[in-house]
Number of protein chains: 4
Amino acid sequence: MSKLRVAVIGARGRIGSEAVRAVSEAEDLELVAAIGRGDKLETLVEAGAQVAVELTDPGAVMGNLDFLVRHGIHGVVGTTGWTEERLAQLRTWLAAAPEVGVLIAPNFSIGAVLTMRFAQQAARFFESVEVIELHHPNKADAPSGTATRTAQLIAAARAEAGCAPQPDATVSALDGARGADVDGVPVHSVRLRGLLAHQEVLLGDTGETLTIRHDSTHHSSFMPGILLAARRVPSAPGLTFGLEHFLDLD
Amino acid sequence: MSKLRVAVIGARGRIGSEAVRAVSEAEDLELVAAIGRGDKLETLVEAGAQVAVELTDPGAVMGNLDFLVRHGIHGVVGTTGWTEERLAQLRTWLAAAPEVGVLIAPNFSIGAVLTMRFAQQAARFFESVEVIELHHPNKADAPSGTATRTAQLIAAARAEAGCAPQPDATVSALDGARGADVDGVPVHSVRLRGLLAHQEVLLGDTGETLTIRHDSTHHSSFMPGILLAARRVPSAPGLTFGLEHFLDLD
Amino acid sequence: MSKLRVAVIGARGRIGSEAVRAVSEAEDLELVAAIGRGDKLETLVEAGAQVAVELTDPGAVMGNLDFLVRHGIHGVVGTTGWTEERLAQLRTWLAAAPEVGVLIAPNFSIGAVLTMRFAQQAARFFESVEVIELHHPNKADAPSGTATRTAQLIAAARAEAGCAPQPDATVSALDGARGADVDGVPVHSVRLRGLLAHQEVLLGDTGETLTIRHDSTHHSSFMPGILLAARRVPSAPGLTFGLEHFLDLD
Amino acid sequence: MSKLRVAVIGARGRIGSEAVRAVSEAEDLELVAAIGRGDKLETLVEAGAQVAVELTDPGAVMGNLDFLVRHGIHGVVGTTGWTEERLAQLRTWLAAAPEVGVLIAPNFSIGAVLTMRFAQQAARFFESVEVIELHHPNKADAPSGTATRTAQLIAAARAEAGCAPQPDATVSALDGARGADVDGVPVHSVRLRGLLAHQEVLLGDTGETLTIRHDSTHHSSFMPGILLAARRVPSAPGLTFGLEHFLDLD
């Protein structure tokens, strides 16, 4: 079987260089180009790339995608900064190239995506739900973006199912003890030397609790998701937003 | 809105008496009958039961279900001992009463059902999967039936997805250190005073792990699942096997 | 070997009745009296009690202890409400009966006592320490008294060792995300249906974390500590405050 | 205050180079020499080293320590392969230099040392104790040396306290389900991609459990222990075996 021909754009960044290595080591993929700032996009065409992994920055991503779509190269995009305008523009380009697929993923960690998905599915069956996220102490924001997003998804699922508010008889509390309130879901942020990025969703009902925990212990955790996306995107024409749509969860 | 009229059969058993209480306390349900060994099934008809929760024993369940189906009463069944023959017989009865629904559930703990389901869905995305189950030290079998079933579901999902065998470089091990092998999935059984029934599924890939843990801390953990089933079974004609089909997970 | 003769005062309360059962079942102890409100203390003398477990209320405890000390009966006291004045009074009584021992313990859970002790010992070796406590949602205060006390002990140990403040680069946080501040130690309170009383101390330094977790799953968790205290108090004359002093930890 | 003058022997190994960096970055220490295979030990004397961190191999360590003791340089030793004969030889050398201190530590992770210590202290208070160790799947042995050692310490503490055997009603078990038996303590070994080195000690009694967990997430976890040892060894003449003796735990 011939290997899928994959290029990496942004190959000299921290995630990009990991992606170069991960593609090279995958038995069913062939790394045909690895370009960075200042390199020419034409290299991808000359190298016969079928899929390009785009890991650059908001200033570069639109130009790169315009090129990829025009040349029939599928895209797997980790670059952030997406707005409705940008997505609309991308959709216009893709409409003119109906065979090309582009996946944009805010998070390529399969574990993080599954945690959010499972939390969302389980949320309506339990009286109580709280989120604890734990990170290294150099992190600037609390809660983490992932935890906030997870809590929002949980709250939306509960609202849709008509769940009652969570039980909480607290009458006397120190400031902050009960965490941050994200749409009615308490979120607690721990900052601890020795940790990287971790998240725990706790769900409880009469006589039982369910805990879904994701531990990210190295930034290479994005690689399995990037490879999975590269393999899947050629058969997913048009725009897909979110890795969960490639996980066949339903 | 009129309340759903629910009866309990096997109302004097440990789970049965919990069910009587749970149905009584549910605002949208009305407990119309609670019968046990020696009581007449006709009571259910006289009481106008729409749903009967059946929590007896393998010697009594078929007679009870025959009666329920013939009288148009939906069934929620926790009694065990199902064989293909029994299921076939039940299907025959239900074919003659196309509006009646019967749910049979080996496990009414929503947390346990979700754990199995999520483990099954996640299994194919991770290189490594192991199961740890932890119970009180009076338990006679190891691993627990739930852990064995969970490992089998994981193994089947991985086989279907064509996953490679799990990595394991162990060359020197004490007997038992690496757990029991259930279809290629290691299962570890802890027996500890102070515990009731707990299960943890650990999934790992490059740079990340995902853990799904279920803690059952009281046998009342079955009640939310029984109530959910009672509410859903009137709109699910025919035979449903497994609570997961009432959880709208996909 | 003759059994130690033990009485229970407050025998009809929730903890008291558990204590009656636990003493009865212990092979090396003999339950010689079990009295409650309205019963006469003289019963203890007539029964030849060597140790009395005192589980009443702040209104009754001083009278009971006065009697015990005067009659040469050792005391194991779980009743709360101790002030410096009360302790001074008790010490005066004990000075007149130098062979009598009284243990007062705010917490008879050996697991809780060890958790506090270990947290205190470990606190100075790690850059970061946080506490998460998790309880049922009917609890009125947050954090729990045990968690507050644990954080205070941790903070004191760190201050004594001259530890630097904990690292925390948070610049943007939702209200409450980083928990309550107890003497510089963040404490997070989770309230979840299905839980009873749980506490986790997380300590982290470069490349490693240490977690000490206590799960109390039934109020019978006080029993092993009460029995241990009953066995030890006859050889510990005078006043001992805190079960940790009977655990031979140093 | 003048800084403590520290040298590293074995400075080009993986742990050695981490130690060079850690000593350099510590505000109260000065790195005065960093030597490796082929470099002359006299460098340490010329550089005025007060303490040498020895991270070489069993073939080199004795020669290095002979030199250090003779020149009045304290040693912090991570090299393995110690036998009674070697320790006796070292003690003879130290007897002739009564002011010199040498610490040999099989494990410089403070978290691992505390876990063993706490497990040992807690072991006699709980009916049940089990150990779960979790490592990356490239590990060759199961259980890990640390887990085996931990279980042996637990078993010895229980034997000394006269504890009864652990309760375990298992009558029907799959091979390996109940783990490896290390002196009566069950030990379970998990091998999972995404993990590094982790250990959990579970202790349980009526109504409560205590869990002590150590997560080693990077080999830099040895550094805080090495620095602590370097600071302490000048005031600990003679031979000390085990970092726990420098932790003032009792």
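Positions of Cβ are set from backbone N, Cα and C atoms, glycine also.
So that you can see what the record holds, here are the features copied from TrEMBL:
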ACT_SITE  C:His135  active site, proton donor/acceptor
ACT_SITE  C:Lys139  active site, proton donor
BINDING   C:His136, C:Gly145, C:Thr146  (S)-2,3,4,5-tetrahydrodipicolinate binding site
DOMAIN    C:5-108  domain 'Dihydrodipicolinate reductase N-terminal'
DOMAIN    C:111-247  domain 'Dihydrodipicolinate reductase C-terminal'
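Residue density at the residue listed as 'active site, proton donor': 20 other Cβ atoms are found within 10 A of its Cβ, drawing on all protein chains shown. In the predicted model, the domain 'Dihydrodipicolinate reductase C-terminal' (C:111-247) shows an average pLDDT of 96. The local packing around C:His136 ((S)-2,3,4,5-tetrahydrodipicolinate binding site), expressed as other Cβ atoms within 10 Å of its Cβ over all shown chains, amounts to 17. Following the DSSP three-state reduction, the secondary structure of C:Gly145 ((S)-2,3,4,5-tetrahydrodipicolinate binding site) is helix. Sequence-distant neighbours of C:Thr146 ((S)-2,3,4,5-tetrahydrodipicolinate binding site): residues of the same chain at least 6 apart with a C-beta under 8 Å from its C-beta are C:Asn107, C:Ala112, C:Met116, C:Glu133, C:Ala197, C:Gln199. In terms of DSSP secondary structure, the domain 'Dihydrodipicolinate reductase N-terminal' (C:5-108) contains 39 helix, 24 strand, 41 coil. Checking the recorded positions C:His135, C:His136, C:Lys139, C:Gly145, C:Thr146 against chain A with a Cβ-Cβ cut-off under 8 Å leaves C:Lys139. Listed in chain order, the extra residues whose Cβ falls within 8 Å of the Cβ center of the (S)-2,3,4,5-tetrahydrodipicolinate site residues C:His136, C:Gly145, C:Thr146 are C:Glu133, C:His135, C:Lys139, C:Asp141, C:Pro143, C:Ser144, C:Ala147, C:Ala197, C:Gln199. In the structure as shown, the Cβ atom of C:Gly145 ((S)-2,3,4,5-tetrahydrodipicolinate binding site) sits within 10 Å of 12 other Cβ atoms. The Cβ of the residue listed as 'active site, proton donor/acceptor' has C:Ser144, C:Ser189, C:Val190, C:Arg191, C:Leu192, C:Leu195, C:Leu196, C:Ala197, C:His198 as same-chain neighbours under 8 Å, each 6 or more residues away in sequence. Between the alpha carbons (Cα) of the residue listed as 'active site, proton donor' and C:Gly145 ((S)-2,3,4,5-tetrahydrodipicolinate binding site) lies a span of roughly 11 Å. Counting residues of the domain 'Dihydrodipicolinate reductase C-terminal' (C:111-247) by DSSP class, helix then strand then coil, yields 53 helix, 44 strand, 40 coil.
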